[in-house]
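Here's the feature list from TrEMBL:
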SIGNAL    1-18  signal peptide
DOMAIN    32-122  domain 'Ig-like'
DOMAIN    130-217  domain 'Ig-like'
DOMAIN    235-320  domain 'Ig-like'
DOMAIN    325-409  domain 'Ig-like'
DOMAIN    415-502  domain 'Ig-like'
DOMAIN    507-601  domain 'Ig-like'
DOMAIN    608-706  domain 'Fibronectin type-III'
DOMAIN    711-808  domain 'Fibronectin type-III'
DOMAIN    813-909  domain 'Fibronectin type-III'
REGION    892-921  region 'Disordered'
DOMAIN    911-1005  domain 'Fibronectin type-III'
Amino acid sequence: MGLLLFLLSLSSLALSYAVGGDVCITGHDSGPVFEEQPSSVVYPEGLSEGKVTLNCQARASPAATYSWRVNGTDVPVGDPRYTLVAGNLVISSPQFGHDGGSYQCLAINRCGTILSRAANLKFGYLHDFPGEGRSPQTAYEGAGAFLACQPPAHYPALSYRWFVSEFPSFMKPDGGRWFVSQVTGNLYLAKAEPNDTASYFCFTTINMDISTKSTFSKANQLTVQPDANARKSAPAITVGFPAETYALTGHTTQLECFAYGNPVPKLRWRKVDGLLPSKAGASAEGPILTLPDMTFHEEGVYECEAYNSEGRDTQQGRITVQAQPEWLQVMSDSEVEISSELHWTCVAAGKPRPSIRWLRNGQPLSTQDRVEVNGGRLKVINLALEDSGMYQCVAENKHGTIYSNAELRVQVQVPDFRSNPVRRLVPAARGGQVMMECRPRAAPKPTLFWSRGTELLTNSSRVTVTPDGMLRIHNISRADEGKYTCFAENYLGKANSTGHLSVRDATKITLAPSNADINQGENVTLQCHASHDPTMDLTFTWALNGALLDLEDPGGPYHRVEGKETVGDLLIVSGHLSQAGTYSCTAQTVVDSASASAKLVVRGPPGPPGGLVVKNVASTSVELRWSRGYDNHSPIGKYVIMGHSPLSPGWKRMRTDPSNIEGNAESIRVVGLLPWMDYEFQVIASNILGSGEPSMSSHTIRTQQAAPTVAPSGLGGGGGDRNELIITWTPMAREYQNGDGFGYILAFRKQNSPTWVVERVSNVESSRYVYSNQSLSPYCLFEVKIKAYNRKGEGPFSQIAVVHSAEEEPTVAPLRINATALTAFEMQVSWDPIQHLSTNGILQGYEIRYWRQHEREASADRVRTAGLETTARVVGLRPSTRYHVTVMAYNSAGTGPASPRTTVTTRRPPPNRPPGNVSWKTDGSWVTVRWDHVKTLDNESAVLGYKVLYKHEGQSALKVLDKGKTSVTLPLPKDNGYVVLEIRSWGEGGDGAAQETIVSRDSGTGMMVQNQAGSPWSNHAPLLLTATLSITLIGLLDL
């Protein structure tokens, strides 16, 4: 009796709450669950008056209390520098060497304790560069060079930039000519140029959680020595990446590669053992290959290739992908009865493989007494109340640590049916069976038995009582109606619960569905009728291959045919291949159900072929093998092969041998492929009902290499510098290369020469070759041809093209130069042409140089003619000025020697005053205009006559008069419009200033008095006299 009272008191402790007690109450309390955990912090070393906050918040009932550990030791929260705010730990004025370490938070309530992940507090620093000056560096034009950064001591990693001469003139991209390594900080120049001579500074930056610090080096003086004949050079990789690089899944990995060379090398990356991930983006052609969000698919060997017109260089290295621990299986909160067993399993993935350990209430758990720990498995036998608490499974490898939490509650309870009594009314169908559950709450497990009235039920042919308390009665009859009671008992006590069994008529299928056969797209109705107990409702459900169908979706393919309650016919609309199978109709009441099934066959196009593999890969063909797919009840008639390569945006039909593939075939040879090309393939089957879905794509294969079969196109050339022959062509596209180790073979010879000069160009992207030879004659005719080669051999030569060597400047000067002044502002120059044999190329024209007598020839103005003209007019000269003139021939290479110079003096300028006192008189359709003679000054050329320009509606006419005439009679327009007259003097020096007058038919008589001393823009208003005034003076001096 004393033992029973003790156990009852334990039960009371587990189920009740006492004020001020420390017992976790079932259904009321819950153990801590972290909502926020601390994160690692980098704090600036030497920063005073600062604070670090490590966050920790947990959900719990009752609310959690908190404590902290650093490096496994309790944090002295009583120290004024440590403060707890809720669960957060605030560290004031953190000190290097005192506060650094690994911090963990403990969340505690009466249900248990959990331990947070570790957060590291580290101190960041960046020292200054040494104060000593740096040694000057010298480089040569066209060669590579580098400047070392030599960063000071620091933590964590730095980012690097360089600036030139003064801050903040940071270096900007220059076509890939320079590169700053983010590993060493060094500055590299692929090809130095004279304008690179300057002072360079390495600028380093460190980013911490609450601040950023930067510093820069002393000047690195770089001097680049000019070299007019800088040698070209093939690439040489100077900045490489390790042979083995370890990457972490979900993180970004970068590889650096940079090369010296002249011309500046270009860079490209590839994955040696597969396709380069598309996520590399533009970095695939830059010095830093960037692969974000790494996965195990990106693991492999990567190659950087540097190339220019002079050659190539490569470097390879492997990326090995590892991973932080990640949970595949974790335990969950459990309520387990006393004296039973607990089995929990944790499974974690990671690379390296994570180790697993266990914690209970924040303390390590190991194998002892009733506890067995075996890696990710935890077993506790003969559970006791003290085993209750918070458990943690911890998985860790060198990349990280993860925690999984669960709460264990060990229960002890007297049997109780209040939360789960036996059903009060249990209906059942005659001839059927019924199951009555008995599931009281109890710990430890109770003994269960059933009675009907006063009769204790035992197992018989119709009655079964299972160990877990389930009562089953088979072949029910009306005599089985009545009350049934379940009794539960353990050593804490006993309880019972009663239900009533009611027997009804059974449900039966009266019209079962029949098998059906349709073509895809047709409708079909499956019938199903049933009888049932009239006191209960009857419902019909349909299932396809055991999966319940939705008959309520109006847009779906399945619909219930409306009718009597006992009719449950199914209408299938536009049958599809996926709707073939076994349909089951179930007529159901609350007490029983009846079912019947029928098979529906849907004929349609074949299913996708399976097991597609590629065999016997050759340079232009492969063999495909597959297994037949499902014919969907209509024989397969034929197959087609679809293919895809990087050159085509989508799938296209491939050529096969034979071209028609019979329906019984399971292999075929695909022909007409390109050598050294990546392909994927699919197989599509068809029958009289159409073509089916394609098979899964084959693995990507690459056809074998073969020698090139076509020659490069676009062969031409010409131009260049002295003693050069330039040959150009169009680079071969990828589909014509047929293999790696690709390049070009050039053959050229002077016309009519028997010997060919042969040169090899090893860069696939080259489109130009320059042949230099000091004995090369200018503008010499060469025959050239080109072919491609790769690792497998050489292709055919192209047709011969004719190319000229570079032109040189003409070697002779024009003779018999004559310069004649036309006006004060113009002269005409003429000369005898040179012989074409002396032009060293194609004569493009002549260049006239002219300069004033007291100027140097270097400041001469120039005028060029196009073509073979031997005269030219030069304008824009100064009046009364003596000029020196010389002429030279030119072609695309430049100008030849100058002719002997000649001299010419321009004429005196014309008067800068327009005719004055202009008057006019209209007479019907004519107007007579008069003006005063223009008098010339001593420094002006004589007036030889006058020019009158007559303008009307966009049309004009010019009248030239001699010196003796100062009037002219002109017609007026018939449409009552007006005319504009411009009157000016002319002479040897050219045309003088103009006077503009507007006259209309109804103008009558008028006079304009011009101020003789000033220009028409003078502030003196002209005197205007007229009988019937309709005249306007615009007064432009020079149009």
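Keep in mind that glycine also has a Cβ here, set from the backbone N, Cα and C atoms.
Note that TrEMBL annotation is computational and uncurated.
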In this predicted model, what is the average pLDDT of the domain 'Ig-like' (325-409)?
95
Hey, does the domain 'Fibronectin type-III' (813-909) touch the domain 'Fibronectin type-III' (608-706), meaning at least 3 C-beta pairs closer than 8 angstroms, sequence gap 6 or more?
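Answer no: the domain 'Fibronectin type-III' (608-706) and the domain 'Fibronectin type-III' (813-909) share fewer than 3 Cβ pairs below 8 Å.
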Examine the domain 'Ig-like' (325-409) against the domain 'Ig-like' (32-122) and state whether at least 3 Cβ pairs sit under 8 A, considering only residue pairs 6 or more apart.
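The domain 'Ig-like' (32-122) and the domain 'Ig-like' (325-409): touching, yes.
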Report the DSSP secondary-structure composition of the domain 'Ig-like' (507-601) as helix, strand and coil residue counts.
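Going through the domain 'Ig-like' (507-601) residue by residue, I get 3 helix, 46 strand, 46 coil.
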Take a look at 235-320, 415-502, 507-601, 711-808 and tell me which one has the most Cβ pairs under 8 Å to the domain 'Ig-like' (130-217).
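The stretch I would name here is 235-320.
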Give the residue counts of the domain 'Fibronectin type-III' (608-706) per reduced DSSP state, in the order helix, strand, coil.
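Reading the DSSP string over the domain 'Fibronectin type-III' (608-706) gives 0 helix, 45 strand, 54 coil.
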